[in-house]
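**Student:** Following this message is one structure expressed as structure tokens.
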Amino acid sequence: MASTSSFRASSSSSTPSIPRTTTYDVFLSFRGEDTRYNFTDHLYSALGRRGIRTFRDDRLRRGEAIAPELLKAIEESRSSVIVFSENYAHSRWCLDELVKIMECQKDLGHAVFPIFYHVDPSHVRKQEGSFGEAFAGYEENWKDKIPRWRTALTEAANLSGWHLLDDRYESNQIKEITNSIFRQLKCKRLDVGANLVGIDSHVKEMILRLHLESSDVRMVGIYGVGGIGKTTIAKVIYNELSCEFEYMSFLENIREGSNPQVLFHLQNQLLGDILEGEGSQNISSVAHRASMIKDILLSRRVFIVLDDVDDLSQLEYLLGHREWLGEGSRVIITTRNKHVLAVQEVDDLYEVEGLNFEEACELFSLYAFKQNLPKSDYRNLTCRVVGYCQGLPLALKVLGSLLCKKTIPQWEGELKKLDSEPKADIHKVLKRSYDGLDRIDKNIFLDLACFFKGEGRDFVLRILDGCDFPAETGISNLNDLCLITLPYNQICMHDLIQQMGWEIVRENFPVEPNKWSRLWDPCDFERALTADEGIKSVETMSLDLSKLKRVCSNSNVFAKMTKLRLLKVYSSSDIDSAHGDSDEDIEEVYDVVMKDASKMQLGQSFKFPSYELRYLRWDGYPLDSLPLNFDGGKLVELHLKCSNIKQLWQGHKDLERLKVIDLSYSRKLSQMSEFSSMPNLERLCLSGCVSLIDIHPSVGNMKKLTTLSLRSCNKLKNLPDSIGDLESLESLYLSNCSKFEKFPEKGGNMKSLTELDLKNTAIKDLPDSIGDLESLESLYLSNCSKFEKFPEKGGNMKSLTELDLKNTAIKDLPDSIGDLESLEILNLSDCAKFEKFPEKGGNMKSLKELDLQNTAIKDLPDSIGDLKSLKYLSLSDCSKFEKFPEKGGNMKRLLQLILSNTAIKDLPDSIGDLESLKYLYLSDCSKFEKFPEKGGNMKSLTELDLKNTAIKDLPDSIGDLESLEILNLSDCAKFEKFPEKGGNMKSLKELDLQNTAIKDLPDSIGDLESLKYLYLSDCSKFEKFPEKGGNMKSLLQLILSNTAIKDLPDSIGDLESLEYLHLSVCSKFEKFPEKGGNMKSLRELGLRNTAIKDLPDSIGDLESLEMLSLSNCPKFEVLPLSLKAIDAHLCTSKEDLSRLLWLCHRNWLKSTTEEFDRWQLSAFIPESSGIPEWITYQNLGSEVTEKLPINWCEDPDFPGFVLSCVYRPSCDYSSAYIFCHDFKCELNLHGNGFRFRDVCYHECWCDCHVNFKDSRDLVCVYWYPKTAIPEEDHHKYTHINASFKSDEVKIKKCGINVIFLGDQRNHMPMLEHPQNSGDNGSALQDANGNVHGANQDDEHYHIPLLDLLRNLSLGDNGSVVLEDTLGNRKRRRNDSLPDVVEEPLYKRLGGPHTEISL
């Protein structure tokens, strides 16, 4: 048996909204004399045995009117099975049945199953063979019915069905047909709604995890936060797969099954689905029903979906264990509680994550706009909503429906409300998970939502444990319920879930924040302060000082907070974020913190009850000590960074629970109280306490202290001997303690110490006891300029993995250094007195990195070859180092060898034995003349840097470097010829031959199939690019600047991937190849200072070209529309520049109707005598503001603005040849309290043959399209502002020009300039109101080009539209114009005498 397509019932795509009452499952249509007593009879019996109610017409009584009964039977059947046999079409009754069946398929969703019984389906479809013969007999008497019959046959034959041949037993064929029909009739497609965005990837992933090909029982869990789409995914999978199973069931809303009656109903539904509707109403016990379910499932292959499970008991009575299920069964469980899935021991877990931005935007748009994308006016608002929803489908649907068909102001109002009040439909769904928590977990959740979101998990556990909460269990429960996530061990929470937590806190007293249990918003804090009864109920408070709108000077603000557990008063700038930065950066952050802290002004009478306080953070705490009534008995952590504390507290405090004290950058702290009252302290941070002179000897009593940070304590000179008693200390930081001179002898007793940081101190030596630090892993002594000798016993530190001696006064290392068997990193760079590496250094078998750069070392001992683990060796800038040791080739794991700027002359042949070496740097080795022949054996080498060496050629073996990706030979003045076999380097991606004596390249260069970058600039003898160079299909950049090249071969057009081609300063280059236009990927073309006179028309075919640099303005008629920047600052011809600007402007006008980037086009040109007349500059200096024309946003003839400035390079580099200046151009539109800002950064290269003092002014012009400004905000803006900034140039003057579509004909008449009113005049005004430039008394003068474009456009039939000084448009038709200028516009602009098509 062969199926014509899939085993899938065919029905109409549109089903009736009202369900039909059906009497039969199947209506059998067949030709009686063909199959009544054989195939059809057997099929009818088989269908009956499967419980499929089947109608066949031979059950009718003889003589009864058959037609109406048939019609009714078909209508009352869910489906039809059509047996197409040899003589089927010879029966008009059969054909009429068929017509009715196909009508029901279209109108009622009637399923149709065709069977082609020993007939060719194509004969049925095309009415050929016996079907054609039958229709030939109908032509005379039944012409009116023939079209309907033919259509019905064709449609039925096109459906999926079965083609029965004589190649199999008929009984087997009937069994398969019956089973397939049974499955398809039993399939109940679940309603999944419309707008299923992003569902496909979830369904695909889940089907993979179900392993349908396996005969094992498999259970997969889907979990995620409420509203994320778990049920929808499960329904789609059910619809997709249920027909593949004989028995299936989808049980929804199981979380409600905690109620026995609901559980009873669910059990009955499951039994009914499996037993085909029979159920088990006579069994009342839930337990007995569970036993019955087990017995029934065990013998069947089932597909079951259990949706929204939240308790194990629900699974116990519905599914039990996997042992209940028959072979090949599949179960999907959806839940918010991951723990349920873990206990059920599902085979796989699938977490549903939120939609990505594009998917979220599409889903929201389908509900808000009834289309896939947001309307242009609503794009920014849509982004705000999508950002708010963070990929949650429920929220996107609810808010999309809410905002549908509302105006922009209404959107803004709704979004403002969302900040303080979530939508009820979203809140209700999310809150279900919270409602299922016990009292303690609810408290933990609210603490996380209102205080701890974004904090590290270990920190949160520590504080919550201090609150006497079972923190580990609570956080695990919340994670299982998807109320939080723990990426990178951090407490994270969806913003909508956090907002749900806030709403729970507010719900009893929505407008009385003084009664809330938690405060997190500064605005709510300020409102709470106004309450007469004070703030009594608060347990946690997080206060961002930077957001306080007014100064709080109430010293009693905390007086009634008797329940306060967690208090965080913090600055927007965290001083810890500046750690490691410069002193200036730290000072800047410190100033911000202190400025924020000044908003809380407390008097000496300040008090607050701290009996319940577990966590206190107060950045910039203003008083010199904590209040007298401060208790701290339950305090776990105390953070008073950047405070005014001089002494923490007075008298004795019982601080048994205290684990962390952080007083960093408390600059007035001169001493710490004795430490005996805090025996459990684990971390003490006093970094930046610049007044701290010493550490109290009682520090040794803190047996649990693991971290002590004293960085940048500038007055600290030593540590007490009791420091050695810190038996748990792991990290000790003393870096930047500039007066710290001596490490205590007893410091060696700290047996747990793993990290000791003494960077940038005044220490001179270390005691011998340092060798007793048996756990020490990292020792930092860099920039200790007085440190001269490493102790002999230092070799006893068997755990040491990193030793940093950079920039110390050390001269040598003791032989015991070889005993550091765990050492992996040794840094001796910048030790100017270090001359000799010890022979026994080769014993450091674990050493991976050895940095000796910029030392006085002359050679290395042969034992260096014994460093079998060494991967990195740097000797750069060792000016006395002359010879690499022969045995160095034994370092089989060496990856990187840096010998740059040494006195080395050659390398030993053993260098070829470095089989793992990837990077070899020899740049600036001025005596290095010859690369070894055996160097080609380094099969792993990926980068070889020979820049600025004395090398003349390369050996043929260079071609054997099969892994080489980068070869740098730049500035090798003696290098003349690239080897022919160099073409064998199939992995080479970058070849740098800049400033060499090379004359040509071999043809084999075309074999470098991976080459992406080829640099030949400043090769003054290089004359010809090889014809076969066009074979380098991967080439992205070809730099030929300042060579002797005259032309390029036509094959250059074959460089299909080339993006950058630079030929600047090629003084002999005269002709750009016609086929150059084939380089479809070219983005940047540099032709400055060439001898080229014109460009071929094919230049317009460079469809990706964005940057074009020119000199002498060669003639060309077209520019690519993709062009974004043109640099013509060396052009001197006024006429050529005019033509260039005209082409730019024309291109920009064309592009305003197409897709574009925000900054569509920019040009850099000289300010020659004619250019200032074309561009109106409204202001001296670097910034200008103008009023926008009335109705600028609605005007279809207004495409955008031109921003422009005149500048001059400001640096005085007399020897400079090429100078790069960076521009920052900022555009601002503002008005009515709204602002739009856009910034463009652009880089322009200047060939400077003279001092900058003698250079001429240059002009920068930006064309900016209106459509880059969000349309929904157009009506808000009244003014436009432009500013230009650059560190390398001085901005002299600038302007904004409003463009309106101008003359589209061959020329444009000149107009008399309107009287200067300030807005539209071309004169310059300085800050004092003085006018420069134009003479206001002149009656006639040439209007600048951009003024002309600003004030002139064509109306219908050639009428001229003028703007007055207020921006109002006036129409003049057939008015005579002043005959001041007769020269056509195209001559004045240099534009071609052709029509402009926009």
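Including glycine, each Cβ sits where the backbone N, Cα and C put it.
So Swiss-Prot has the following annotated:
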type     : residues                                        : note
BINDING  : Arg31, Gly32, Glu33, Asp34, Thr35, Arg36, Gly63 : NAD(+) binding site
ACT_SITE : Glu97                                           : active site
DOMAIN   : 201-440                                         : domain 'NB-ARC'
REPEAT   : 423-447                                         : repeat 'LRR 2'
REPEAT   : 478-504                                         : repeat 'LRR 3'
REPEAT   : 633-657                                         : repeat 'LRR 6'
REPEAT   : 678-702                                         : repeat 'LRR 7'
REPEAT   : 728-750                                         : repeat 'LRR 9'
REPEAT   : 775-797                                         : repeat 'LRR 11'
REPEAT   : 798-820                                         : repeat 'LRR 12'
REPEAT   : 845-867                                         : repeat 'LRR 14'
REPEAT   : 869-891                                         : repeat 'LRR 15'
REPEAT   : 892-914                                         : repeat 'LRR 16'
REPEAT   : 1010-1032                                       : repeat 'LRR 21'
REPEAT   : 1079-1102                                       : repeat 'LRR 23'
REGION   : 1315-1336                                       : region 'Disordered'
COMPBIAS : 1315-1328                                       : compositional bias 'Polar residues'
MOTIF    : 1369-1373                                       : motif 'Nuclear localization signal'
**Student:** By a simple count, how many Cβ atoms lie within 10 Å of the Cβ of Asp34 (NAD(+) binding site), its own Cβ left out?
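**Tutor:** Other Cβ atoms within 10 Å of Asp34 (NAD(+) binding site): 22.
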**Student:** So for Thr35 (NAD(+) binding site), how many other CB atoms are inside 10 Å of its CB?
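**Tutor:** Total other Cβ atoms inside 10 Å, all chains included: 23.
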**Student:** Do me a favour and check the Cα-Cα span between Asp34 (NAD(+) binding site) and the residue listed as 'active site'; whole Å is fine.
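**Tutor:** For Asp34 (NAD(+) binding site) versus the residue listed as 'active site', the Cα atoms are 16 Å apart.
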**Student:** To the nearest whole angstrom, state the Cα distance for the pair Gly32 (NAD(+) binding site) and Glu97 (active site).
**Tutor:** 13
**Student:** Quick test of the contact rule: Cβ under 8 Å, at least six residues beyond the ends. What residues does that give for the repeat 'LRR 15' (869-891)?
**Tutor:** 824, 829, 845-863, 897-905, 907-914, 916, 921
**Student:** List, in sequence order, the same-chain residues at least six positions removed whose CB sits under 8 Å from that of Arg31 (NAD(+) binding site)?
**Tutor:** Val83, Ser85, Glu86, Asn87, Tyr88, His90, Ser91, Cys94
**Student:** With a cut-off of 8 Å between Cβ atoms, can you find at least three pairs linking the repeat 'LRR 6' (633-657) to the repeat 'LRR 7' (678-702)? Only pairs 6 or more residues apart in sequence count.
**Tutor:** yes
**Student:** Mind checking which of Gly32, Glu33, Arg36, Glu97 has the fewest other CB atoms within 10 A of its CB? They're the recorded positions.
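**Tutor:** Among the recorded positions Gly32, Glu33, Arg36, Glu97, the lowest count of other Cβ atoms within 10 Å belongs to Glu33.
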**Student:** By Cβ distance under 8 Å, which residues at least 6 away from the ends of the repeat 'LRR 12' (798-820) in the same chain are close to it?
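**Tutor:** For the repeat 'LRR 12' (798-820), the sequence-distant neighbours (Cβ-Cβ under 8 Å, at least 6 residues beyond its ends) are 754, 759, 774-792, 826-831, 833-844, 846, 851.
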**Student:** For the repeat 'LRR 9' (728-750), give me same-chain residues lying six or more residues beyond its boundaries with a C-beta closer than 8 angstroms to one of its C-beta atoms, as numbers and ranges.
**Tutor:** 687, 703-722, 756-764, 766-773, 780
**Student:** State the residues, same chain only, that lie 6 or more residues beyond the ends of the repeat 'LRR 2' (423-447) and have a CB under 8 A from a CB inside it; answer 'none' if no residue qualifies.
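**Tutor:** Residues 225-227, 255, 310, 336, 392, 394-395, 398-399, 402, 464, 467, 469-471, 474-475, 477-478, 481-483, 496-497, 500-501, 503-505, 517-518, 540, 566.
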**Student:** Which residues of the chain, 6 or more past the ends of the repeat 'LRR 23' (1079-1102), have a CB below 8 A from one of its CBs?
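**Tutor:** 1041, 1052-1053, 1055-1073, 1108-1112, 1114-1120, 1122, 1127, 1130, 1245, 1247.
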**Student:** Which residues of the same chain, at least 6 past either end of the repeat 'LRR 21' (1010-1032), have a Cβ under 8 Å from a Cβ in it?
**Tutor:** 965, 970, 986-1003, 1038-1046, 1048-1055, 1057, 1062
**Student:** In terms of Cβ proximity under 8 Å, which residues at least six beyond the ends of the repeat 'LRR 14' (845-867) contact it?
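**Tutor:** Residues 801, 806, 821-839, 873-878, 880-891, 898.
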**Student:** In whole Å, how far is Glu97 (active site) from Arg36 (NAD(+) binding site) when you measure between their Cα atoms?
**Tutor:** 16
**Student:** Report, in whole Å, the straight Cα-to-Cα distance of the residue listed as 'active site' from Glu33 (NAD(+) binding site).
**Tutor:** 16
